[in-house]
Amino acid sequence: MKDLLKFLKAQTKTEEFDAIKIALASPDMIRSWSFGEVKKPETINYRTFKPERDGLFCARIFGPVKDYECLCGKYKRLKHRGVICEKCGVEVTQTKVRRERMGHIELACPTAHIWFLKSLPSRIGLLLDMPLRDIERVLYFESYVVIEGGMTNLERNQILTEEQYLDALEEFGDEFDAKMGAEAIQALLRNMDLEQECEQLREELNETNSETKRKKLTKRIKLLEAFVQSGNKPEWMILTVLPVLPPDLRPLVPLDGGRFATSDLNDLYRRVINRNNRLKRLLDLAAPDIIVRNEKRMLQEAVDALLDNGRRGRAITGSNKRPLKSLADMIKGKQGRFRQNLLGKRVDYSGRSVITVGPYLRLHQCGLPKKMALELFKPFIYGKLELRGLATTIKAAKKMVEREEAVVWDILDEVIREHPVLLNRAPTLHRLGIQAFEPVLIEGKAIQLHPLVCAAYNADFDGDQMAVHVPLTLEAQLEARALMMSTNNILSPANGEPIIVPSQDVVLGLYYMTRDSVNAKGEGMVLTGPKEAERIYRAGLASLHARVKVRITEYEKDDNGEFVAKTSLKDTTVGRAILWMIVPKGLPFSIVNQALGKKAISKMLNTCYRILGLKPTVIFADQTMYTGFAYAARSGASVGIDDMVIPEKKYEIISEAEAEVAEIQEQFQSGLVTAGERYNKVIDIWAAANDRVSKAMMDNLQTETVINRDGQEEQQVSFNSIYMMADSGARGSAAQIRQLAGMRGLMAKPDGSIIETPITANFREGLNVLQYFISTHGARKGLADTALKTANSGYLTRRLVDVAQDLVVTEDDCGTLEGITMTPVIEGGDVKEPLRDRVLGRVTAEDVLKPGTADILVPRNTLLHEHWCDLLEANSVDSVKVRSVVSCDTDFGVCAHCYGRDLARGHLINKGEAIGVIAAQSIGEPGTQLTMRTFHIGGAASRAAAESSIQVKNKGSIKLSNAKSVVNSSGKLVITSRNTELKLIDEFGRTKESYKVPYGAVMAKGDGEQVAGGETVANWDPHTMPVITEVSGFIRFTDMIDGQTITRQTDELTGLSSLVVLDSAERTAGGKDLRPALKIVDAQGNDVLIPGTDMPAQYFLPGKAIVQLEDGVQISSGDTLARIPQESGGTKDITGGLPRVADLFEARRPKEPAILAEISGIISFGKETKGKRRLVITPVDGSEPYEEMIPKWRQLNVFEGERVERGDVVSDGPEAPHDILRLRGVHAVTRYIVNEVQDVYRLQGVKINDKHIEVIVRQMLRKATIESAGSSDFLEGEQVEYSRVKIANRELEANGKVGATFSRDLLGITKASLATESFISAASFQETTRVLTEAAVAGKRDELRGLKENVIVGRLIPAGTGYAYHQDRMRRRAAGELPAAPQVSVEEASANLAELLNAGLGGSDND
């Protein structure tokens, strides 16, 4: 019996390991794995079906074909276990050893491993410092390579052609050694002295200055060091022994009809063995060189094909012209080992069916068809039946269940009670795509789903299917109940708002119920309470919408958390009073005393969750749903054609628009406007007409005229069904109603340009043939878009998950003082996102002070929940520094304080939460709602882009930041700085609006002045950029020579003449080096200095500048000296939607990025070249100036002599994130990426918390480049994991040594995934071959820190419930408690078991 227990223990024993290492296998190692050499290409005997001896399926090498039976049948049964049959040489053991025993092939000549040869950069090439072409020519027997030059003038590694080799032979005889083929390369690799080579290269590195050479040397040093440290020998990259896969992993299966289905590997192995044997024979016969050579080349090709078919030359194909699947193909790609079998497995105990509505279910229930339940819970039912003694054996139980006896159903009821099941709907885009429910048995064959969880699943009932999974073990059931139950997932992890929100019918019902109506039946009653309201409604004495007074009792929490009752008479309606009955204690009545739309209901549930917690919210949500359904039914809302009321004004508006269009057409024909202008104007006219029609239509639908109690007419909100559906947010929108009852409007062609004849009809009137045809473009494009979008969005999610999968909360507080400063998001005159939404659920990084005082309002390290946010708002705090994931100091993972609130739970996040995956899902899940479009700016949009003034919307005071200005002659301020921002501050000191003010803008109001709403505060000319003088004096032209550097132009319309500076390309030879400038002198002709500097005021003029002043004119500060025409941006496309998000996360450089100042200093221009100007920035402190060549066509934002700060924009354009990181630091680039991504999502109305984007940014900033190594082991210019540098520097500094200096790198998500420390994770993502090659050469260890690696090796993941398990393992490992594995091999134990069983089954005589 003891043996039996030992056996069961041995069965469950897992290999205890902490890391996985990959390395090159030496020939001896391969031989040690092998159980024998495969000598023949034969597989099995076609008559006896027995494996051939020494063949690819040989039983002697790989083990017996039948359990405990040798091949010839001499030894059978268990008692001969371990015997090796002397006749056939087969060991008597279990047949499963054929899955693990390997063989080998001794190659007759060495062969290069194609991965190390062809996987770029070629490892062999890098190690020998030879081009890949040369190595290939040697390997495939086209050239010789010199192995030892001896005393001759031939160098090592030199390539010789056939002729050169023969000449050298004649000349030097056998003083030198040159060979061809893999043996030559092997010899070269064997002769390398790695350590000495390393020393030599390091010396070279210190001496060289050329950038390219340094890069190349660093690469080689890294590779050489990897070889030295890992203990790999270079010559192992050349195979002399080839391992053979165990036969059961490349099976040969007989089909009916005497044919065989075989794995492609067998074909490839056969090829290798055939060629190898032929080569051996040729060598024995001492065949001519050329024949042997050809055979060797063929062997090399066969081995290449086996390892990675198609990597070099044409892929070898099988009988059906299909390329054979090699070993490399087995592991890579979607169908490879990693993604098909290790990361995605099939699930036992699951079923799927169509879903249908379960409106009577509670939130934690789902309806499960009896048939399904019986099948899924079979094992539990069998167990219960046996336990009760109703069935003696499992077989009997099975029969009972098949007969579906009555008792079985009773037992099924018991088994199912409180046993949660998981429901999953594909595609599972975020974690709410799998939730747990308690099953309720139902008749029929469809699964019933609770309507409120549809939003999380994105499910509807038009034929969607869902899968049911049964958690079997107790732990699984516990996790399902505690973590995955639908009632525990009320808030969305993406934004912390309720996701269990009523929609459609329910919203309509609640909206209808809470609307009020003028002069409804029963208006003006005074009722004793909600109960009475319900009674009089049921009795038909009052309408649901009647305005009445009701006595309402509200409960408020006092400071001790006790409920205090407060009764008062409220003006409300009958419906709202009835709804109040289901609202839980503790919420104010005002929450239902309004017409409830979708937003209001969501807010109501949110408030309920925050004040009362989970349980009341769940009950409340269910109650709202039942009530909503009931009253939606009573409302009788329907859609009829007469509900789509077409406004009378429509035809008038359209005829006006047609007249305008005709007028423009006339202007065009008489040549007053260009074709482009005409097109844009026409589009504008129709867009405006469309807006007017839809406004008229909405006004018409929105209100109806009724007679009130006094007999007067009164306007009230309409009860039109279509309008109610749109207004409540149940279904439809103003835009859709516009198409039904207004006009369809402008349509786009397939290429995205707008057709200038709009569809003036709507769907109620019906479309004519042409209009219908035009409409088809959009419809078809919509379908094509959706299909593309799904794939793209899925791929984005996959990359995001891959880059962030190993980010887990690993400690409570890292203690950092860093953080990011949060301000409200303000675009122009609107607050897009208030501060409260941005800081809610974050932890403060420093004390927040009361504005204008030194009092602490919120102490450091406080989690800002709703109450704190109210406090911040009450004190009108404008910016808060909060902790952020990006600045978290934890080495592996992040700390809870830097992350803040767990959005889906509402408290500080727990340790072990997989925030990386949550972030990836939150960003990826709404991906399918984003557009795929590139927006063309045309028509209305392009003219709105050229703004020329700032008009404020609210009243308040003006605040200018980083502004330099001068006062002009009329006493107005003129801005002379580049990135000036104008903010409007309200009386509480909060920022309400924010605008960019360009250079040269004239301010109507100064800093700190009060303005009223609607006032214009700044003006400028959008088409030219002025040059503004900061001093007063007289103009003096320098180098302004007519015909050489300038030319005079006269305007035909005004007759004014002006000077235009010639571009250097247009100048004569004499004018090339002249630099036209305007100098300002005083009355005596002395230079005037720019205030605050010792520089004379002179303004250099770039090409095309227009000067409207004459030499010697008097000017005063703030005047415009010259104007530089701005080419308007034209119609640039803005990339929007998904492609934009992908670009941001991939950190792609934009096409023509903005040029930023690399250092702070004074601008000047050096000598120009043909197409470029030389920009020089001279630092004020007198250090080295910085020079940059800028193409002429780039428009510069700076003038000579102007001062710029590091990171300022020198030339406009989209900013490249890498530049922002380099010049302005980590926080700036985080802010840039977060804001840009949020802009895209905000446009679609999707809310995502900033945290999630920051998490991804942290992963993009994972690497750092070493700038100087200090006392560390890093190489200069090497890219290393940021955490590794941090740890190394910490250790060095602790020992008083100099740490390494480094700069952070920004990698795109794909590159960041591939550059992860874990090679298992990287290999399962993309470019499997390259990743594994690199890892093997470097002898990498995978510490199994991330989630993916642990899934692949089949362990619990180090997150969630697995986090505790891993922590415990590490603790016990450290304490040395983990026991050594039991010393019983599985075979032995299983044999013992079998013996015991035999003994028990009458096998022994002495009982």
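In case you wondered, yes, glycine gets a Cβ from its N, Cα and C as well.
Predicted, not measured: the structure shown is a model, and the values here were computed from it.
Copied from Swiss-Prot, the annotated features are:
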| type | residues | note |
| --- | --- | --- |
| BINDING | CYS70, CYS72, CYS85, CYS88 | Zn(2+) 1 binding site |
| BINDING | ASP460, ASP462, ASP464 | Mg(2+) binding site |
| BINDING | CYS814, CYS888, CYS895, CYS898 | Zn(2+) 2 binding site |
Helix, strand or coil by DSSP: which one applies to CYS898 (Zn(2+) 2 binding site)?
helix
For CYS895 (Zn(2+) 2 binding site), what residues in its own chain, 6 or more apart in sequence, show a Cβ-Cβ distance under 8 Å?
VAL809, THR810, GLU811, ASP812, ASP813, CYS814, CYS888, ASP889
Fewest neighbouring Cβ atoms within 10 Å among the binding-site residues CYS85, CYS888 goes to CYS85
Based on Cβ atoms within 10 Å, give me the single least packed residue among the binding-site residues CYS70, CYS72, CYS88, CYS898.
CYS72
Given CYS898 (Zn(2+) 2 binding site) and ASP460 (Mg(2+) binding site), what distance in Å do their CA atoms have, once rounded to a whole number?
38
Should one count Cβ atoms within 10 Å of each candidate's Cβ, the binding-site residues ASP460, ASP462, CYS814 would be headed by CYS814
Binding-site residues CYS70, CYS72, CYS85 vs ASP464 (Mg(2+) binding site), shortest C-alpha separation belongs to CYS70
Report the nearest neighbour of ASP462 (Mg(2+) binding site) in space among the binding-site residues CYS70, CYS72, CYS85, comparing Cα positions.
CYS70
Remaining residues near the recorded Zn(2+) 1 site, that is with C-beta within 8 Å of the centroid of the site residues CYS70, CYS72, CYS85, CYS88:
LEU71, GLY73, LYS74, TYR75, GLU86, LYS87, GLY89, VAL90
With an 8 Å cut-off on Cβ distance to the ASP460, ASP462, ASP464 Cβ center, who else from the chain surrounds the Mg(2+) site?
ILE355, ALA459, PHE461, GLY463
Using DSSP and collapsing to three states, where does CYS85 (Zn(2+) 1 binding site) fall: helix, strand or coil?
coil
Nearest of the binding-site residues to ASP460 (Mg(2+) binding site) by CA-CA distance, picking from CYS70, CYS72, CYS85, CYS88?
CYS70
Near-site residues: Zn(2+) 2, ref CYS814, CYS888, CYS895, CYS898, CB cutoff 8 A to centroid:
GLU811, ASP813, THR816, ARG883, VAL885, SER887, ASP889, THR890, VAL894, ALA896, HIS897, TYR899
ASP464 (Mg(2+) binding site), Cβ-centred 10 Å count of other Cβ atoms over all protein chains shown, is 16
ASP460 (Mg(2+) binding site): secondary structure state under DSSP, collapsed to three categories:
coil
